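The structure appears right after this line, and notes come after that.
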Amino acid sequence: MASTVDASSRQGFKLSQLIYDTRYRSLTIQAIAMALLVLFLSWLVSNTVQNLSDLGKDFDFGFLGQRAGYDINQTLIPYTSGSSHARAAIVGILNTLLVAFLGCILATIVGVIAGVLRLSKNWLVARLMTVYVEGFRNVPLLLWIIAIFAMMTEATPQPRDFREGGTASMWLWDSVAVSNRGVYIPAPVWGPGSTALIIVFVLSIAAIIGFRRYAFRRQEATGVLLPILPVSLALFFLPSILAYFVLGGPVSLAYPELGGFNFQGGLHMRNSLIALWLALSLYTGAFIAEIVRGGILSVAKGQSEAAFALGLRPSRTMNLVILPQAMRVIIPPLISQYLNLTKNSSLAIAVGYMDARSTLGGITINQTGRELEGMLLLGLFYLVLSLIISGAMNVFNARMKLKER
Amino acid sequence: MNKTAFLGALTVTGLAAGAAAAATLDDVRDRGTLNCGVSTGLTGFSAPDANGNWEGFDVAVCRAVAAAVLEDPEAVEFVPTTGQTRFTALASGEIDLLARNTTWTFSRDNDLKFEFVGVNYYDGQGFMVPKELGVTSAKDLGGATVCIQTGTTTELNLADFFRTNNMEYEPVPIETNAEAQQQYLADACDVYTTDASGLAATRASFENPGDHVILPEIISKEPLGPLVRHGDNEWGDIARWTLNALIAAEEYGVTSANIEELSQGTQNPEVNRLLGTEGNLGEMIGLDAEWAKRAIMAGGNYGELFERYLGESTPVGLARGLNAQWTDGGLLYAPPFR
């Protein structure tokens with residue numbers, strides 16, 4: 001290597017070597033590509049700057065501190081029309097996180113069940129799941145969101161039908177009202193002493209986890225099985241219920257009641273939230289079902305036959321042999337489905353759900369005229385959120401993948 | 001070689017940046033059509049008819065400008081915009097003129113960098129409720145669910161109104177008037193609020209308009225008018241004076257019926273200047289002498305347009321009210337054509 005360099009440097013360096021000499025060619029191409037990329041980016045920036053100055057606009061994030069002036073129906077933190085645009089953006093961001101969180105959970109549940117059932121030997125169940133998967137996977141998400149929203153508003157009774165002598169009545173002993181303005185459910189009221197109750201509950205969850213670890217270790221060491229399920233259930237319920245009565249019932253329920261135009265009290269789950277949540281979950285669930293099915297099918301049949309030959313029951317075969325091997329196939333595409341669901345939640349404006357796109361990327365931009373700044377912030381938010389989700393899922397993946405020793 | 005590429009790219013950058021600032025009038029003439037932003041459908045103001053042709057009071061402004069500039073009232077490309085997309089569409093140059101019942105406010109004029117060329121409808125925000133609710137005043141609406149179009153001034157007025165009257169409410173944000181209508185008729189909201197003219201237009205398209213009342217309170221001033229981008233005053237002047245020509249034509253009694261006869265020459269020099277038989281107003285604005293005549297012939301003068309699309313003989317059924325000529329006690333007042 002050294003001798004060839006010496007030889008060429010002795011002959012002198014010619015410009016044509018940049019193209020014809022394989023030692024330099026790749027460097028030349030990279031340098032040109034880099035230069036073009038930099039030029040393109042600087043053109044984008046200068047074009048933007050030029051157009052902004054033509055329009056007489058500046059680039060300034062000061063609008064975030066101004067009074068927003070508009071109201072938001074679903075706020076997870078205190079907010080009024082007198083709050084700032086920044087706070088309105090945070091309200092929207094929290095609403096996005098809420099629907100994405102709920103959606104990921106429900107989509108996983110629906111997807112796993114549908115994926116497993118699609119492999120069922122029961123002809124009807126397997127076909128029904130096929131219809132579900134193909135139906136949701138192949139129709140645009142926006143249509144499902146609007147369809148579910150339309151069903152919620154058109155097919156459910158309006159609040160004044162719940163009046164005495166009206167046509168509608170509440171469900172579950174007058175505690176749940178399903179109306180065309182959303183579902184009203186009883187809300188917990190945290191009285192004095194409820195903190196202690198929560199601590200007891202958290203401790204009992206920790207105890208369950210600790211007990212399971214202990215049981216597994218003991219089984220590894222001695223082969224003796226401990227009754228995990230009954231103990232877990234007992235740990236889950238008994239301490240909390242005991243603490244509830246000892247503390248004198250610190251948590252009560254506020255039931256929704258009809259007053260004025262709408263129901264008052266209780267927890268109001270708006271139709272926009274429900275429609276968006278269900279549509280996102282069912283749509284993404286269909287993709288997850290296929291991922292789960294593919295993951296299970298990827299485990300060789302010999303694995304389950306070997307497990308059966310060792311005398312393992314079907315449920316144990318699934319939990320101990322099939323799923324651990326299927327998981328490493330399932331998790332990576334599952335991450336991208338979670339990312340899809342989170343980003344798809346920006347379709348919220350179709351049903352008037354006030355997510356980050358509707359507040360920061362919609363009304364705020366419209367009232368302040370800061371399209372560029374608002375869209376950059378919005379893009380940054382989705383980027384950071386996606387990176388966090390995929391980072392967390394990668395950690396989970398690293399823990400779940402087969403330990404090779 | 002890298003240096004050449006760099007210089008070449010610099011040239012391209014310079015050209016692209018230069019092109020962005022070219023005059024709107026030239027762009028429109030080169031294109032042969034006027035890109036006009038309208039609503040996604042509001043009876044009487046801008047809505048497609050059964051044959052898909054856009055018509056309405058705002059649409060007529062677009063057609064008048066197209067007639068003045070391109071000599072063809074049909075040479076308009078209508079771009080439906082929602083409350084949220086309209087300003088971006090105008091600022092980005094996607095449309096040349098926005099005629100979409102848009103309220104003239106200080107911050108839109110100055111902070112959003114637009115130029116309102118006048119007012120074609122003086123309006124105010126009102127509330128519509130179903131009659132069976134028994135509500136007679138907007139002050140009784142505490143706790144109500146209110147359908148509201150997002151990205152509008154009405155959204156801000158609504159927040160202020162309920163705040164000053166110390167009432168709670170539940171806003172249901174809606175993208176378009178059609179959606180609002182569907183939500184309101186499904187009783188997903190108790191109240192629909194927007195400009196009073198919009199309420200009347202929406203109610204006109206209901207199956208049973210009599211079952212709904214518009215409450216007496218008008219909670220804001222909503223001067224609605226067409227607007228253009230900042231930075232091209234010539235284009236803004238053309239839009240402004242086309243609108244003024246329609247208003248002045250009504251004042252001077254120039255109608256689509258008698259305009260041919262009047263353009264032979266009259267005793268009134270102001271009419272002559274308007275119709276281009278005297279003076280050189282067209283030249284001053286960068287158009288030919290008959291620009292205003294064509295704009296008026298496109299659909300008639302302001303009064304004729306009002307009668308055809310919004311007046312008491314139409315389903316919308318609005319009275320002239322504030323939108324009468326100043327000579328009849330209204331607010332319409334076109335500056336002199338001199």
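Placement of Cβ uses the backbone N, Cα and C atoms for every residue, glycine included.
So that you can see what the record holds, here are the features copied from TrEMBL:
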- A:93-393: domain 'ABC transmembrane type-1' (DOMAIN)
- A:27-45: transmembrane segment (TRANSMEM)
- A:88-117: transmembrane segment (TRANSMEM)
- A:129-152: transmembrane segment (TRANSMEM)
- A:189-211: transmembrane segment (TRANSMEM)
- A:223-247: transmembrane segment (TRANSMEM)
- A:274-296: transmembrane segment (TRANSMEM)
- A:375-396: transmembrane segment (TRANSMEM)
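Contact check: the transmembrane segment (A:129-152) against the transmembrane segment (A:27-45) gives fewer than three Cβ pairs closer than 8 Å, residues 6 or more apart, which falls short of the contact criterion. When the stretches A:27-45, A:189-211, A:223-247, A:274-296, A:375-396 are ranked by Cβ pairs under 8 Å to the transmembrane segment (A:88-117), first place goes to A:274-296. Tertiary proximity for the transmembrane segment (A:375-396) is limited to same-chain residues at least six positions away from its ends with a CB under 8 Å from its CB atoms, namely 61, 89, 93, 96-97, 100, 331, 334-335, 338-339, 342-343, 346, 356-357, 360-361, 365.
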